[in-house]
Amino acid sequence: MRVAIIGAGVIGLSTALCIHEQYHSLVPSLEMEVYADRYTPHTTSDGAAGLWQPYLSDQGNLQETLWNKETFDHLLGHLSSAAASEMGLFLLSGYNLFTQPVPDPSWKNIVLGFRNLTPKELELFPGYSYGWFNTALMLEGRSYLPWLTNRLTQRGVKFFHKKVESFQEVSGDGVDVVINCTGVRAGQLQPDPELQPGRGQVIKVLAPWVKHFIITHDIQAGIYNSPYVIPGREFTVLGGIYQHGNWNEENSAQDHRTIWESCCRLLPALQKAKIVGEWSGLRPARPRARLERETLRHGSSPAEVIHNYGHGGYGITIHWGCAMAAARLFGSILQEKKLANLPQPRF
Amino acid sequence: MAAPKVAVVGAGVIGLSTALCIAETFPSCSVTVLSDQFSPNTTSDVAAGMLIPHTYPGTPIHVQKQWFKETFTHLFAISNSAVASEAGIHLVSGWQVFKSTPKEELPFWSDVVLGFRPMSEAELQKFPKHRFGQAFTTLKCDCPPYLLWLEKRLKAIGVQMHTRKVADLWELHGEYNVVVNCTGIGAHQLVGDEKLFPIRGQVLKVHAPWVKNFIRDGDGLTYIYPGIHRVTLGGTREKERWSLSPDPGTTKDIFDRCCSLEPSLREAQEIQVKVGLRPSRQCVRLQREVLSQGEVKLLVVHNYGHGAGGFSVHRGTAKEAARLVGECIAALKNSSLRAKL
């Protein structure tokens, strides 16, 4: 049985690993291949800071909240393991800041130690009158993706550097199941008007004295259009740009100024931080992630596709829950195929 | 009377912060810092510089709390300013965990640090050997940066600093009107204070930049304090031990204990070992003394014996020492006036 995963960001690689872990012993003939035009460190997942944090509101989407929780708990379980460091996984505490009181988020009981900020803490952030403190997790893409790649390579998964132009290209080649983890460019394989780029830009600086994430929110401006500071292992990410519908992957000087000025206002000491990089990426934004099966009927045989894309700015946050869900869909495909191949009863 | 000349002996966190307080409070004074060691070779440089107070049995709690509060407030403002990184001051959050519930559930400083609260069950799961814990956010003074920044501020207001070993306070009699004794463990020899004793601390300073939270065992022996560039792993509290040489067996023991609290530390790199002697005493010696040799008097202000709590109270005791220096200066003016009559 041949399985092809298209896309090698956090979604593609984790889905591949999840499926392989669960089914390779059940399906001895399982052959898995990954196709992508971009690999680490050039994927969207590599540019993200890597903070586990869903959006403020789950918009009634309990399914996604459960997948977020599944991911957090899965990662928390790995924290004490020898792999944590190699995975780029560590605990990080920090602040979410608002200019007015807001309802508690769906994830308040998922993270550790969630509480409101005290008046004294708010003195640190002039202009903000309300906020949260909690301990969450960091999972840096630039470490996690290579770690996933190593685990997959050890399992005999093959990687191909190739831009797939159509599902048929892969399924027509004898692949039984295609897993579509193409993120923001999924529309090139199958039009999806609900999928739009949520362009972001970040400045990478050296600011090792910053030990907390700080995420500000401007309810009018929308998610991630307000400054944020997220300290990683080696460098700190400054951001605060979310431009819906903007496909431009070039860095913008104006966005640079917006990020720099607003972050330095938030943390004056950042003025002394050394800038070591800048990056723009396109969040694969969608009202909700597309995680479902599709049977494509064209040509000789139907092709089974599992879509797993459209995770916006919370891909790392939700990835494992989605990988598990995709693995369950894969399991149902296996069930159906086995039923089809069962020997006829003999009387 | 000419501008009073004040000598501050000692250039650790106590000496430098005291000199700064004196110079800022009495701009007409000439202040000089004398020390045989400057950063990075002081006891303060070995310490992590965490603002978590140590309790002095001989000092009233409300006084210790006042010192801590003054220090915290002062550093809080710096941590929030543009010079925070230069001064080496930064906020850090974390957990203090206990294997058995402590007698005192609310330490006296719990309302001075930020967000103090008991740890949740979920948080405690990360520490299977511990049954109770406290979460809070406090400040850290990274050394050498903090001491170097104090030195820079001192130079900027005209305070001179000289490398000089003072073997006897009387050496300074002719040159200075007031001597401020901030010699830490050095006071044992310098003024023969038998009540002052070392509590030896060995620590590791490692490269583990993914550790962003502090973890401290309530027994005070095992702790992980992330600084700007290095994480301090500790430690030991060896009473009356004077050796400044690192002990390899202790190094392994500290490392193992810290890895038990934070397993990812197994990947730590560039392990450096340091030893410091906490200048310990029942209470901080913060008082005036008039030394006399016949007719000749030497006005002294003592500010030493901060033990494990130097960073936590340094600004508070520096201000009190400056106040005492003010009393000395007033006394000098009085006696010089009287001499004229």
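Placed from the backbone N, Cα and C atoms, the Cβ positions cover glycine too.
All TrEMBL annotations are machine predictions without curation.
Summarising the annotation, TrEMBL assigns signal peptide to B:1-23.
The domain 'FAD dependent oxidoreductase' annotation in TrEMBL covers B:5-324.
Feature annotation from TrEMBL assigns FAD binding site to B:Thr43, B:Ser44, B:Val166, B:Thr183. Look at B:Thr43 (FAD binding site): DSSP puts it in a helix. In the structure as shown, the Cβ atom of B:Thr43 (FAD binding site) sits within 10 Å of 26 other Cβ atoms.
Counting only residues at least six positions away in the same chain, the Cβ atoms of B:Thr43, B:Ile185, B:Pro198, B:Ile199, B:Arg200, B:Gly201, B:Arg237, B:Gly307, B:Ala308, B:Gly310 sit under 8 Å from the Cβ of B:Arg278 (D-dopa binding site). Mapped onto three states, the DSSP output places B:Arg278 (D-dopa binding site) in strand. Per TrEMBL, D-dopa binding site is recorded for B:Tyr223, B:Arg278.
Same-chain neighbours of the signal peptide (B:1-23): 29-35, 37-39, 42-44, 47, 49, 141, 143, 146-147, 150-151, 153-154, 157-159, 161, 166, 169, 172, 175-184, 186, 190, 303-304, 306, 310-311, 314-315, 317-319, 321-322, 325, 329, 332-333, 336, counting only residues six or more beyond its ends whose CB sits under 8 Å from a CB of the stretch. Long-range Cβ proximity for B:Ser44 (FAD binding site), meaning a same-chain Cβ under 8 A and a gap of 6 or more residues, is found for B:Gly12, B:Val13, B:Ile14, B:Cys143, B:Leu147, B:Gly310, B:Phe311. Cα of B:Thr183 (FAD binding site) to Cα of B:Tyr223 (D-dopa binding site): a span of 26 Å. Binding residues for FAD (B:Thr43, B:Ser44, B:Val166, B:Thr183) extend across at most 19 Å, taking the greatest CA-CA distance. Considering other CB atoms within 10 Å as the measure, the emptiest surroundings among the binding-site residues B:Val166, B:Thr183, B:Tyr223 are those of B:Val166. Look at B:Thr183 (FAD binding site): DSSP puts it in coil.
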